[in-house]
Amino acid sequence: MIFQRTVKEMVKTTGVGLHSGNKVTLIIKPAPVNTGIKLVRTDLSPAVEIPAVADQVRETTMCTALVNDDGVRISTIEHLFAALAGLGIDNAVIEVDAPEIPIMDGSASPFVFLLQSVGIQEQNAAKKYIKITKPIRVEDGDKWAELKPFKGFRVDFAIDFNHPEIARSQQHMVMDFSSSAFIKDISRARTFGFMRDIEYLRANNLALGGSMENAVVLDEYRVLNPDGLRYEDEFVKHKILDAFGDLYVAGHAIVGEFCAYKTGHALNNQLVRAMLAQQDAWEIVSFEKEADAPVSFSVPAGAVFA
């Protein structure tokens, strides 16, 4: 059987909030089977829990933010969620003492390291997958995103930026998902932004924590970071990383093909909502034999049932 997963023990880190520029403490705790991913604002009294589900995503400008009915928010969840999805973690409680997840280095890699440092524990319940049985598509002008039936999880993603540095890079990528492919090829890709936008955002009290330490920064012609890019195609890879995180608010790993052109957080969430609403287009499945599982996650060392 393919089992559900959580972290073996609590793990804690600190970082900077992208928009506030303030110090943020993040704690990831194990959770029982069928908990899903829950986020908790511990800086509020009493603490406020926000479930990581698609209809709680109520802000998608520059990041993915969960917002409850009282307006309590947790922003910039997508890189952490990409790491959780990439390592196949089904159940966890995420505590944060600020309105945003720390940006770390602008990629998912620090979260992958954090999760791997404490280990992943298999639990005594079957892992659930969302298997796509009919195509679901959403569009916004020339942008579109689609989920289609596929035995596995494949991503076919294209971006189109009219910028000389990005245009020189590969702007289209197809990959068959596995934990190892995610960690090696996707997880280190950083968010990117343009100097002109950063100046405007800072003037409006946003992106106060943004820097070349946690983003690829471009002017009109080139990358400004002294160390350059981590991957030649880092731009499209980061958009894929974002999509992994955005799709994980569906609640389970997806068995299907995700195809997208020029999508961002808003359209990714729109696609998840459209999928969940179209209940004849998917089904929940589990797999008795590992050989039958179409999506490959890294095997935790010395897995112990919880």
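Just so you know, glycine gets a Cβ as well, placed from its N, Cα and C.
Matching His19, His79 to the Zn(2+) binding residues that Swiss-Prot gives (His238, Asp242) identifies His79.
Between the recorded positions His79, His238, His265, the minimum number of other C-beta atoms within 10 Å of a residue's C-beta occurs at His265. Cα separation, His238 (Zn(2+) binding site) to His265 (active site, proton donor), rounded: 12 Å. Excluding His79, His238, Asp242, which define the Zn(2+) site, the same chain contributes Glu78, Ala82, Gly106, Ser107, Ala108, Ala189, Arg190, Thr191, Lys239, Ile240, Leu241, Phe244, Gly245 within 8 Å (Cβ to the Cβ centroid), listed in sequence order. Between the C-alpha atoms of His265 (active site, proton donor) and Asp242 (Zn(2+) binding site), the distance comes to 7 Å.
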